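Residues annotated as Zn(2+) binding site in TrEMBL: CYS35, ASP37, HIS88, CYS91.
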Amino acid sequence: MSEIDRMLAANEEWLGEFPGPVPVAPARKVAVVACMDSRMPLFGLLGLAVGDAHVLRNAGGLVTEDTLRSLAVSQHLLGTRSVVLVHHTDCGLNKATEEQFRAAVEEATGVRPPWPAGAFTDLDGDVRESIRRIREAPYLVTEEIRGTVYDVATGRLREVA
Ligand SMILES: [Zn+2]
């Protein structure tokens, strides 16, 4: 049985917990931008329920052009107004360099990717940079934006000043 077969079977089990249909617009008018890290169960650690928030995830929780696209849809079509960023300790992008990433891709595929991985050295600085990008995006109507770092060793969320 593959991992995906296990997931499909798990969904059958989960139907017993399915809360039923809820509106498409997030009830708490919040969008979460977070890293894809497998150790961050965002709904649980943020106290979110089904239908409460949009959750945008990518490697590093970076604010890319596609993140801005999703936030614009979230805000203008579905009414969210707050954004919370969730980066974390022990991030894969905090441990690698752009050159290591490009070299690894090239070694495996023969091609160097044209885009950066988003590697960073300063965790809090990376959160602040993400906040700045969202604040400066001219087509967003964000009313509140806050940045956090999740500690994968303790489960605690720390706000970045
Ligand atoms: Zn990460």
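Yeah, the Cβs are placed from backbone N, Cα and C, and that goes for glycine too.
Not measured: the values here are computed from a predicted model.
Neighbour density for CYS91 (Zn(2+) binding site): within 10 A of its CB lie 23 other CB atoms from the protein chains shown. Counting only same-chain residues at least 6 apart in sequence, those with a Cβ under 8 Å from the Cβ of CYS35 (Zn(2+) binding site) are ARG57, ASN58, ALA59, GLY60, GLY61, VAL86, HIS87, HIS88, CYS91, LEU93.
Packing around HIS88 (Zn(2+) binding site) is summarised by its Cβ count: 20 other Cβ atoms lie within 10 angstroms of its Cβ, all protein chains included. For ASP37 (Zn(2+) binding site), the same-chain residues lying six or more positions away in sequence with a CB closer than 8 A to its CB are HIS88, CYS91, GLY92, VAL152. Taking the mean position of the Cβ atoms of CYS35, ASP37, HIS88, CYS91 as the Zn(2+) site, the remaining residues of that chain whose Cβ falls within 8 Å of it are ALA34, MET36, ARG39, MET40, GLY60, GLY61, VAL86, HIS87, THR89, ASP90, GLY92, LEU93, TYR150, VAL152. Look at HIS88 (Zn(2+) binding site): DSSP puts it in a strand. For the recorded site, CYS35 (Zn(2+) binding site), the DSSP three-state label reads strand.
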